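As written in TrEMBL, here are the features:
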SIGNAL    1-20  signal peptide
BINDING   H220, H224, H289  Zn(2+) binding site
ACT_SITE  E221  active site
Amino acid sequence: MRHTLLFQVLLLCCVSGSVAVAEHHCISEEIENKVGPRTTAVVLELPTRESGMMRALTASAPEWAPIRFQVFTEDLNDPSKHCTAEKQFRPDFIGGTLECNKRDILTKEKRSIILNSLLPRAFGMHTDRLLVKPLTGRVIVPRYSSGICAQFKIPSSHHTEGVSGADMYLYVSAGPTQYSTLAWATTCSQLTDGRPVVGVVNYGPSSVTNSEHSVRVSAHEVAHAIGFSVWLLKERNMLKEVLDVRGKAKVLQVSSPKTVEKTREHFNCVNATGMELEDEGGEGTASSHWERRNAKDELMAGISGIGYYTSLTMAALEDTGFYKANWGMEEPMSWGKNSGCALLTEKCLINGVTQYPEMFCTAETGLFLCTSDRLALGYCTIYLYTAELPSQYQYFSNLKLGGSAYAFMDFCPHVQPYSNTWCSNGE
């Protein structure tokens, strides 16, 4: 009887799709703290009949076109740079070494998944949605003497002859990672106008799977490399602090024009002054992601779930000035849709009651519940802590009661999926 009921509820949850998702904690801010100063890449204009000598300037075409990517795999071809057997010690590409276990081994299958599935499909998500002024010249890649970018092997010809044919160049590695991190990425060099042009990506083989979730995580990390990071948003004057939000002393928002427009549109809140950035997660996650409480299922949430590429991320990237969004290609997200301003300005629960039962839960009943994306079954994350929660996270008369401390949800109770109840693998 129980299995019949579970099947019926699974069927109800899964009518809208069948994507298996596991959560990935992004460590972008930890990576940013180890990058070091970014350099400027010179672009040499290709010679034409009209110009016999190449000029050292940023050469780009006048018309906008879909962004092009190119990857280089020297570190994937070097067995000293990735795990080939257990008990080896290999670089983690952030300045340390880790001991290899069986899952860390870069097998032929995992290498193929990275190069032939995850990266091409992730690039496609951006190419479908972002336009750039195409580079027409050869990019001379700077030499990196310190920081994360110096950990990657770059062919000597890239420093002299340069590389061409793309708008963003990425060097890929597969060193072991901690905490089952699937991937991380960052920018290494920018053009003279500030646009990212060279970056690096590292995959942790222990978490590599040929799944839609892994593709979405890959697209998330590539987004960091092309500019969705707090350092660049700050550099482009897109940020502002807002005081006294839901009991918090201050929060950081992306307040640039298109982002404000799309925030107001998504939440149906004409008074929204910007899209809030994450303030949980410490140096690993804070600031370079959307506030997960407000956008849990978005591509650029700090813990990756289904990862919808919505108008919010497209707007922020367009507001950098480096990209134009291909409007009409944004993916819908039910989380927060038409919620009104109260979702952004008021607590998720007041005296144990929520205005948004489709997003937040109020009690653990022991029943199977649908997740917000309707792709799995889960349970309400409510815990009794040993001490009172901070005042901004107090939602019940019992001040020790709240949601998960590790979900980046401001302790808001929500439905957390069971590992074996996803639509494609429910048991």
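Heads up, the Cβ atoms here are built off N, Cα and C, so glycines get one too.
Annotated features taken from TrEMBL, shown on the structure.
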residue: H220; record: Zn(2+) binding site; CB count, 10 Å: 29
residue: E221; record: active site; CB count, 10 Å: 29
residue: H224; record: Zn(2+) binding site; CB count, 10 Å: 26
residue: H289; record: Zn(2+) binding site; CB count, 10 Å: 29
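DSSP assigns H289 (Zn(2+) binding site) to coil in the three-state reduction, outside any helix or strand.
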